[in-house]
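The domain 'CMP/dCMP-type deaminase' annotation in TrEMBL covers 14-125. According to TrEMBL, the feature Zn(2+) binding site maps to HIS65, CYS95, CYS98. What TrEMBL records for GLU67 is active site, proton donor.
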Amino acid sequence: MSLTLVCAKIAAMTTDEMYMRRALELAQKAADEDEVPVGAVVVVNDEIVGEGYNQVITLSDPSAHAEAQAIRAAGKSIDNYRLVDSTLYVTLEPCAMCAGLITHARVKRLVFGAPDPRTGAAGTAIEVLNHVSMNHRVAITAGVLAEPCGDILRQFFRARRKKASSNGGTGDSKSND
């Protein structure tokens, strides 16, 4: 392996980690609002053009996932619903709904942190993004800052379960996530 290739890989990982750290900051915003802590950032030409975090409960909108919020913001920012040369950074592997949105927006590359064994649609639970029936392929990089991305989710749900048990098991009636 050449030194140039090694340096390029290190630079790419550093860039991926930088944008994933921003997505983690947004995930913390979601947690602070008692939303499932997932954050997302859309980048085009090394510039953040869209950001979002889960706001399903806050907006009473089941489609207000972090990815959807970031993609909507990016579309408005560049005045185009097609995000052809974009990279989407998200702290949790996208669900099927978000995978469909990523495909329709023509996102070029997806970088996610923690895998989602229950609903991950980038290959962990099911494969939607690069399914043979889709007319667009997305390059996928998995596991960037997977540990902190998973930690924020585990801490959130641990606190939610503790709160539910101290309330007699009722928990939060607004969310089943």
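Note: Cβ is positioned from N, Cα and C throughout, glycine not excepted.
The model shown is predicted, which means the values in this text are computed figures rather than measured ones.
Counting only the Cα atoms, the space from CYS98 (Zn(2+) binding site) to GLU67 (active site, proton donor) is about 6 angstrom. When the binding-site residues CYS95, CYS98 are scored by other C-beta atoms within 10 Å, CYS98 scores highest. If you take the Cα of CYS95 (Zn(2+) binding site) and the Cα of the residue listed as 'active site, proton donor', they are about 10 angstrom apart, rounded to a whole number. Neighbour density for HIS65 (Zn(2+) binding site): within 10 A of its CB lie 25 other CB atoms from the protein chains shown. According to DSSP, the secondary structure content of the domain 'CMP/dCMP-type deaminase' (14-125) in residues is 41 helix, 27 strand, 44 coil. Using the Cβ center of HIS65, CYS95, CYS98 for Zn(2+), the list of other same-chain residues with Cβ within 8 Å runs, in sequence order, ALA66, GLU67, ALA68, PRO94, ALA96, MET97, ALA99, LEU101, ALA121.
As a whole-number mean, the pLDDT of the domain 'CMP/dCMP-type deaminase' (14-125) in this prediction is 97. Taking the Cβ of GLU67 (active site, proton donor) as centre and 10 Å as the limit, one finds 31 other Cβ atoms among all the protein chains shown.
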